[in-house]
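Q: According to TrEMBL, the protein has these features:
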type	residues	note
ACT_SITE	D246	active site, proton donor/acceptor
BINDING	E37, N194, D246	divalent metal cation binding site
BINDING	R132, N134, E152	substrate binding site
DOMAIN	36-305	domain 'SMP-30/Gluconolactonase/LRE-like region'
SIGNAL	1-23	signal peptide
Amino acid sequence: MAGAAETVALAVLAVALTSSGMAQQIEQVTPPSSHGEGPHWDCGQNMLFYVDISGQKLNRYDPATKDLKTVHFDGPVSPVVPVLGTLDQLVVGVGADLVLVTVDWGALGTEPHVNQTITLLASVDRDKPDNRFNDGKADRRGRLWIGTMGPEPVVGQVTLGRGSLFRFEAANSSVRGSERMDVQKVLSPVDISNGLAWNDIETLMYYIDTPTGRIDVFDFDPDKGTVSNGRPAFDFRANNVTGSPDGMTMDADGNLWVACFDGSQVIKVDPVAGRLLQQVPIPASRVTSVAFGGRDLSTLYVTTMNKGLSEEQLRAQPAAGSVFAVTGLGTTGQRPGGRKAVVRR
């Protein structure tokens with residue numbers, strides 16, 4: 001790995017009044033990257049973590065200072081989840097390996113080499129060497145839920161039926177001095193395992209397999225970490241939503257905010273009624289994921305992608321690939337914010 005840091009200038013791209021009269025503002029807060037994904041807000045540090053999958057980068061953005069620090073890996077990176085009780089450890093997917101990374105953030109500067117440590121926690125899909133991890137999150141117990149997908153030689157042309165959704169739970173003991181995770185395959189096969197969210201009391205889990213064009217909901221047992229009784233919650237086609245469902249998060253009111261890949265928008269959905277409530281335009285067509293952050297969890301951070309766009313599209317979307325901050329939405333994220341991973345018991 002190598003590290004780098006830079007300071008990002010804010011660019012206000014759009015200001016609009018919502019139906020409630022609130023000023024809704026969209027700002028570009030990071031430079032463009034190839035494939036921004038997996039935003040995760042750390043309430044303890046007031047930092048936003050996100051990845052550049054094809055750029056093989058883990059990023060940490062500080063909204064207070066506008067400072068952006070980057071760690072490079074040898075392989076596609078996704079997702080990233082901070083570890084409970086630490087300031088310098090994160091669980092990161094690299095290819096189809098799940099690793100524990102310890103980062104000396106203070107040492108990250110312009111030097112190409114910094115001291116970082118990586119511990120392998122688990123590997124999946126060994127029989128499918130071209131697979132990689134995609135989206136993932138932790139539940140309130142610190143269990144990790146991460147999905148895989150098949151190869152994508154051209155953006156939008158994924159080998160279907162190759163993915164799965166896995167649950168990772170801290171093992172009771174270490175093996176050869178390394179932390180390990182117990183792995184359980186939860187759903188298989190899936191096409192592109194993507195967005196995850198839970199209701200506030202974690203009796204329901206929402207899940208996206210992108211090519212289905214819908215959000216599904218499962219009954220969730222928070223004690224056992226099991227899902228059952230899957231059924232549709234919201235269908236993009238039935239509601240005439242442009243784009244495909246990608247990453248998502250839930251707000252404090254129980255509504256889902258969903259990134260629309262190739263749709264230039266984020267939508268707000270009532271998953272109980274299966275109703276579209278709001279559409280937020282984003283100045284990039286390939287919107288990949290969302291997470292609430294900020295000290296009061298009222299800022300919606302939106303990741304985007306510019307990989308695969310034509311020269312004409314890039315001229316029309318100069319900020320594509322950036323992280324955007326949307327404010328004035330009139331809601332907040334679930335507290336306490338982004339859930340963290342537990343990697344040892």
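In case you wondered, yes, glycine gets a Cβ from its N, Cα and C as well.
Automatic, uncurated: that is what TrEMBL annotation is.
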Q: Over all shown protein chains, what is the count of other CB atoms within 10 A of the CB belonging to E37 (divalent metal cation binding site)?
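A: Around the Cβ of E37 (divalent metal cation binding site), 26 other Cβ atoms lie within 10 Å.
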Q: Least buried of the binding-site residues N134, N194, going by other Cβ atoms within 10 Å?
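A: Output over binding-site residues N134, N194: least Cβ neighbours within 10 Å is N134.
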Q: Using other CB atoms within 10 angstroms as the count, which residue among the recorded positions E152, D246 scores least?
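A: It is E152 that, of the recorded positions E152, D246, has the fewest other Cβ atoms within 10 Å.
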Q: Within the chain of R132 (substrate binding site), which residues six or more apart in sequence place their C-beta under 8 angstroms from its C-beta?
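A: Residues satisfying the criterion: I53, G75, P76, S78, G93, G95, A96, T148, M149.
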Q: List the Cα distance (Å, whole number) between N134 (substrate binding site) and D246 (active site, proton donor/acceptor).
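A: Between the alpha carbons of N134 (substrate binding site) and D246 (active site, proton donor/acceptor) there are 10 Å.
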Q: Report, in whole Å, the straight Cα-to-Cα distance of E37 (divalent metal cation binding site) from D246 (active site, proton donor/acceptor).
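A: D246 (active site, proton donor/acceptor) and E37 (divalent metal cation binding site) have their Cα atoms 10 Å apart.
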